[in-house]
């Protein structure tokens, strides 16, 4: 039985490089390849120095190798991943997708990871989704017996300098995808997502506000306890994820459409592996992807785990 699952990283940009440092610390995953298309990429150069086999010949090179990875983490673009996904499937390689392609089911570790451990391809949704859907899920499960959460709204504020051209070009896709995740994974009957690119200098870390409508007679202590439990779960893979204060409960009012509301404020500070600490929005994506890969390795790839 191998001690670790073999891993390839497809993409050699900032997110892939940050992901590499997280994977190198894993007891369950062994990064062995980094695949890019630019021979001058800094990410490929760093990976080579760290002992990985690298190529600028793309996914076709990877799937042509006799020794193939157990898992691929892809951080390229939706267009590239949609073209690559069938190649991974044909080669028998499991894929963890950090792009908006959504070829496979979206996964948020505290909420639905166990449901998709056998999926050949899973998607990491969005940074806003990874940061806020766990809270919506926590509230939804606490009020499930009373009809659940009729409406949830999340506002994600990220440092403008941490948002690359892909994010800026796909704001509408971000809001649509995150809103859907608030409903299908978080459990709200209707969801809404807003992203704010904060231009502050020096940059501010990611901050998120999560509004959940709740039944007026809901057990508020149970809701707060559920939120704290889920926050603790996220902190096992994102130590910089934290509540800014206790969940705030408001009575029904005209402003809330006649519904009681619980409001939760969180912030996400990155680990600073490669990306700066203020880029918690990117860090939570690479950390959550690592968590998903580790759980897949533990549960379905027959590896024993262990230190290097």
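Using N, Cα and C of the backbone, Cβ positions are placed for all residues, glycine too.
Here's what Swiss-Prot has on this protein:
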BINDING   12, 13, 14, 15, 162, 163, 164, 165, 166, 167, 168, 169, 170, 281  NAD(+) binding site
ACT_SITE  127  active site, acyl-thioester intermediate
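Sequence-distant neighbours of residue 14 (NAD(+) binding site) (same chain, 6+ residues apart, CB-CB distance under 8 A): 43, 164, 274, 275, 282. Residue 170 (NAD(+) binding site) sits 13 Å from residue 127 (active site, acyl-thioester intermediate), counting Cα to Cα. Looking only at other Cβ atoms within 10 Å, the busiest spot among the binding-site residues 12, 162, 170 turns out to be 12. Cβ-based neighbour count (10 Å, all protein chains) for residue 168 (NAD(+) binding site) stands at 11. Ranking the binding-site residues 164, 166 by how many other Cβ atoms lie within 10 angstroms of each Cβ puts 164 at the bottom. A straight line from the CA of residue 166 (NAD(+) binding site) to the CA of the residue listed as 'active site, acyl-thioester intermediate' spans 13 Å. According to DSSP, residue 168 (NAD(+) binding site) sits within a helical segment. There are 29 other Cβ atoms within 10 Å of the Cβ belonging to residue 127 (active site, acyl-thioester intermediate).
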